[in-house]
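Q: Supplied in structure tokens, the structure appears directly below.
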Amino acid sequence: MTDRKTNLPEEPIFEEAEDDGCPSIENSSHLSVPTVEENKDFSEYNGEEAEEVVVPEKPASAYATVSIMCLCMAFGGFMSGWDTGTISGFVNQTDFLRRFGNYSHSKNTYYLSNVRTGLIVSIFNVGSAIGCLFLSKLGDIYGRCMGLIIVIVVYMVGIVIQIASIDKWYQYFIGRIIAGIGAGSISVLAPMLISETAPKHIRGTLLACWQLMVTFAIFLGYCTNYGTKTYSNSVQWRVPLGLCFAWAIIMIGGMTFVPESPRFLVQVGKIEQAKASFAKSNKLSVDDPAVVAEIDLLVAGVEAEEAMGTASWKELFSRKTKVFQRLTMTVMINSLQQLTGDNYFFYYGTTIFKSVGMNDSFETSIVLGIVNFASCFFSLYSVDKLGRRRCLLLGAATMTACMVIYASVGVTRLYPNGKSEPSSKGAGNCTIVFTCFYIFCFSCTWGPVCYVIISETFPLRVRSKCMSVATAANLLWGFLIGFFTPFITSAINFYYGYVFMGCLAFSYFYVFFFVPETKGLTLEEVDEMWMDGVLPWKSESWVPASRRDGDYDNEKLQHDEKPFYKRMF
């Protein structure tokens, strides 16, 4: 490895949170507006004085090996997707209702109350949020791969408890919490490992494979529910739960072939292994100059971080490194992903389509699962072709239109003679069609892109902590939507769609003003862009310092005198 001196700034480049606990976010539409000195310090800190690392791009077919490895990591999304696809059917199956529900003497049938339904469906997300915040740090201690294997075992323990439940709903409830803890940790560690391993020009596509696996699992979950619904015993729900062991074992087996993150290996001083990992991912020889230069940059960055001491949770509120602004943006994006209303359909799809008069709502759920899964293949192309911002903006606009039609038809046309009378078949079919189109738009845009954004936004020093917080925000909103949806739909029915419509309209404006474009940049270049103070709506024109020519004017990207409405249209 070539000798390299790391020039550190005399003062730490991060700043602890102010005493009042809340840093100012004035002019927060800027990624930042740093001084010349701050930019200089940051460049030194990241080793940017070195020559540009040139990793030659190859055709997609040349990356078959790294693509398969990333698919093994992305298979972690199967855990969460399988739960989403199966739980929506469980709460409508006769044996499940008999064991864990209440008996209605007047109707001579078993049922789940709104409270119990909400808790059983949504508590998985609470466990996932706990796993994000507390177990995902195993990836910093034992490595991303070993950390993943440990949390998969935790997930399996939760599944055992659920299968062993006889007639106590709270035992099943506890099992879902523990399984959620494992799945939540996986949802941080797996995308992190993909982002740190994948070549930059196909990183977005490989990260989108996470959502592909989620949607594939949802579809298979729907199919499994349909296949077991004719049984009258616990086969209805225990067989789908038992299949979780197969998914866990497949992922553990896959992880034995996946190389460790080169960034983590550099962090623990295993330089030669880091070279081998980076070379394998980029189809280069270990001695290739691009490999040596990239690892040298990582070493310089890690040495700078070590000189500043151990990263603390307080550092998440740092303004000089712009971590607080990045964290705020990713928390908002992850929250808005849930507020698009996707899990309203995925958690309660079977129940929703019963209400619109479908003879077999399980069959309708399978149709939704097919649309959801097939749509994700478009995202593998669009996320790196169109970019992150355009995908989110296009998705927000189209989903808003779909939700307006869905809610309006449900409110005005579904029950022309009142709720006590049969629903309109034509209106019911219309709601299903626009639900399918909504899911298509979601799966092509917001579904995968949010995982891409949170995986490539943060510096290595605080990446694990920040991704944990951002993912936990997503899961907590998932819990709130899952828990309160039965109560809300009982009170306002299809007016609920207008709530999601408002959130989608807001998300369009938020993305435009606060989310930068990171397509085609290395993780270190993403850091540099944030420190350069580029306006998000001008970020597509930003060029890293190592590739700028004499005509490049970075200041033009930091200011915009146009009124906000002229910036958008």
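Any Cβ shown, glycine's included, is placed from N, Cα and C.
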Q: Using the topological domain names from Swiss-Prot, determine whether LYS168 and PRO199 lie on a common side of the membrane.
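A: Topo match: no.
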Q: According to Swiss-Prot, which residue out of ASN27, ASN102 bears the annotation N-linked glycosylation site?
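A: Of ASN27, ASN102, Swiss-Prot lists ASN102 as: N-linked glycosylation site.
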Q: For ASN429 (N-linked glycosylation site), write down the residues of its own chain that are at least 6 apart in sequence and whose Cβ falls under 8 Å from its Cβ; none is a fine answer.
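A: Expected: none.
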Q: Does the chain bring the transmembrane segment (391-411) near the transmembrane segment (494-514), so that three or more CB pairs sit under 8 Å (pairs 6 or more apart in sequence)?
A: yes
Q: List nothing but the one residue from ASN92, ASN102 whose Cβ has the fewest other Cβ atoms within 10 Å; the candidates are the glycosylation sites.
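A: Per-residue Cβ counts within 10 Å for the glycosylation sites ASN92, ASN102 bottom out at ASN102.
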Q: Which residues of the same chain, at least 6 past either end of the topological domain 'Cytoplasmic' (140-145), have a Cβ under 8 Å from a Cβ in it?
A: 189, 192-193, 196, 255, 258, 260-261, 264, 268, 464
Q: According to DSSP, does ASN92 (N-linked glycosylation site) sit in a helix, a strand, or coil?
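A: Note: ASN92 (N-linked glycosylation site) is coil by DSSP, not helix or strand.
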Q: For the topological domain 'Extracellular' (83-118), give me same-chain residues lying six or more residues beyond its boundaries with a C-beta closer than 8 angstroms to one of its C-beta atoms, as numbers and ranges.
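A: Result: 124, 165-169, 172, 179-180, 183, 214, 217-222, 224-226, 228-229, 231-237, 240-241, 343, 346-351, 354, 361-362, 365, 369, 482-487, 490.
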Q: Can at least 3 Cβ pairs under 8 A be found between the transmembrane segment (146-166) and the transmembrane segment (204-224), with each pair 6 or more apart in sequence?
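A: These two segments do not touch.
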